[in-house]
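TrEMBL has this to say about the protein:
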ACT_SITE  A:79  active site, charge relay system
ACT_SITE  A:187  active site, charge relay system
ACT_SITE  A:211  active site, acyl-ester intermediate
DOMAIN    A:25-149  domain 'Amidase'
DOMAIN    A:179-501  domain 'Amidase'
């Protein structure tokens, strides 16, 4: 293969181990792809070429001795939310200007220990707050996917002699790419765009309400948010600590399994990380799903959902049925309350977590006439609009007199949402199938969404329930819409049963095929 | 429930974010849209339901109360906008 960036992680791993290619060659291939594409896509906010070359060289030395780790020589992109020692880590916020941590997050430490190579830091919504990657201080990320436009072409009338081909003229339709720039989703928009556009073999991402699964669905990639506690949160910039989880975005289900195996671990530095062995997720891929009970929650059929999403869901149901699964209609009655409860819990936790950005310990400082004035000026200049909005909501719902009405009520509703899932799993459901998003990717600077923050929040309507209940969820590409944009399905599993998600997602992937954007950048 | 401009300014003060008159007015509309959206939680019957304290059933891990980390003053102040001899410098707070 000429272009090494086209290899999946599992293919690259095999070629590296067989010494058909070197880590340096594949790293160089990605670095030149980034150099060419990044001005158009804005997926990377920092490219660490020297570090990448140095890590690739070390990997080549190990591979030569046959001592490579499970990700030896595999070039990855890292979301800017992960603390990386001595390297740009700003959660794509102005308030963290110039921050280069003196520590390395546990997840990235695990990846480097397994031999992965860091290409750079990936763009994201500021502090992971957004569903379009438009809130980044570094500007929006562009989705490598574009809508196709059907143009009518007039055909000339031709005659080609006796019995030959005769065209009667008339018209035919030709597909061309529309120039409108689309969002890659968010908050892990840089991760999704980079994976989809072959600017890294795989990427780290994080998911608080859908930030791995929604961008994966918008870019035709695979994204898994593991169970809360599966990956250590240590060293990752905190947004909403009871909801945040790290996970991978990858080109296919197998690559996602390989990456999660490396990322997951128990960690004494995160007391919410779980002390259970990390299974070999790859081994689950290819296992038959015959007899598996797949729940179809009726509450996920929402008003105004495009028919294409419903059709995609039905296709997914048919594929799993064909593979021998038993399809069961289920009810998760509190589904509609997940998003409003999230918009109390997440901002409340964020307002507390983001209190640390005060112009004293790191990042931006804007002077003031006294210390309080300095805090207020720093935070006013350092945070973008969406982040301020959420800090304000969080501060309000936690303030005296409102705590019970908002925060306590939301935490009670959260228990009901979790109970809904517990009930269906107790009734024997193994996995739940839903659409991943209520629409395909939308345009950058969409006017409706800019005018009403709630419209943007509705992007996470199918994914946010999973965070509220701490469950694992995977988004897997399942088809294209009429305009040629990717659409994804979501599978939700029992706590710590990521294996069933990989197993089932692989069945969907086999049936649906894989999807690549047409290169225009 | 909804907020007025005065409440927004009070909340901004609590959150330590400087807001202009114009910001406060814009935020009032935005916050009311969000508060209007979350108001639907009031229709849920939560009688007898405990608020969630832990999303996965886990026991709080404990360890010996001993020092496991430290002696990194230079690392800790490395990213600060203003420091002196491993102290953070801030505007004068005591006259």
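Note: Cβ is positioned from N, Cα and C throughout, glycine not excepted.
Curation does not apply to TrEMBL; its annotations are automatic.
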Members of the active-site residues set A:79, A:187, A:211 whose C-beta sits under 8 angstroms from chain B: none
Taken over the domain 'Amidase' (A:179-501), the model's mean pLDDT: 96
Other CB atoms, at most 10 A from the CB of the residue listed as 'active site, acyl-ester intermediate': 37
Per DSSP, three-state class assigned to residue A:211 (active site, acyl-ester intermediate): coil
